[in-house]
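Written below as structure tokens is the structure these notes are about.
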Amino acid sequence: MARTHYIAGNWKMNTSRAEAVKLAQDLVAVLKDKKGKYMIGVPFVYLDAVSQVIKGSNIILGAQDVAATANGAHTGEVSTEMLKDVGVQTVIIGHSERRHEIGESDELINKKVRRCLSEGLDVVLCIGELLADREAGNAETVCAFQLSADLAGVSAEQMAHVTIAYEPVWAIGTGKTATPEDAEAIHKFCREYIAKLYNQKVADETIIQYGGSMKASNAKDLLAQPDIDGGLIGGASLKADTFAPICEF
Ligand code: PEP
């Protein structure tokens, strides 16, 4: 089965309510005739408003995080039930800013992944090495560890609802991008590793996005690589005219 190009925007902790609505309206207009798969990861408090705007469009509503547990006494958390209630279909889990700024562990990330999948939400699981890992020659080891730890207990059938985003931490928001060749090498490694964890069919069908300062000027070469199936875009997703061109390739 051919993998569809999947381009996702991660708005992070940005926009006002009015800006979020306007950006969503602009994206609905510019993406309406495009044939790829598109998602926007919207701040929790604007999900409901954006959901109304993109309803019926070809844009998937994503959240940037989720609680690992069901509704209950968990102050400040946002559950899968709440996300589904406002129309969320997919959740970004394990973003490096949550791993390294908030201190999320692979154990917690795995709980969130399994919670979403068991509740019918799709997942974009972010993995990737720190600069020190890369310089020590450990990029593959880190990605393999994160894949096996974060996907523990996830079945081959459930993998149809999991997208992997390979995001070298040193490339996120820094303007530094992995070369297409370096990114492809890790993507290929991850696909082979998924084949070991599951089977070749799952590996062939899993979409692996690249993330890390992707923009219109470098997206074409990155997306031309055989194992790079899309992008998770931070900075360039905050304006329709910087996001839409990435969706052209
Ligand atoms: C991200 O937030 O996942 C990301 C890749 O950010 P940026 O595109 O700004 O590097």
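A Cβ is built for glycine as well, from the same backbone N, Cα and C atoms used for every other residue.
Annotation comment: TrEMBL describes N10, W11, K12, G173, S213, G234, G235 as substrate binding site. With a 10 A radius on its CB, S213 (substrate binding site) counts 20 other CB atoms from all the protein chains.
According to TrEMBL, the active site, electrophile annotation covers H95. Listed in sequence order, the residues of the same chain lying 6 or more apart from H95 (active site, electrophile) and placing their CB within less than 8 Å of its CB are N10, Q64, D65, C126, E167.
According to its DSSP assignment, E167 (active site, proton acceptor) is coil. Residues or ranges marked as active site, proton acceptor in TrEMBL: E167.
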Self-check item: binding-site residues compared (G173, G234, G235) - highest count of Cβ atoms within 10 Å
Solution: G234
Quiz item: Residues near the substrate site, N10, W11, K12, G173, S213, G234, G235 excluded, by Cβ within 8 Å of the Cβ center?
Solution: I172, I233, A236, S237, L238
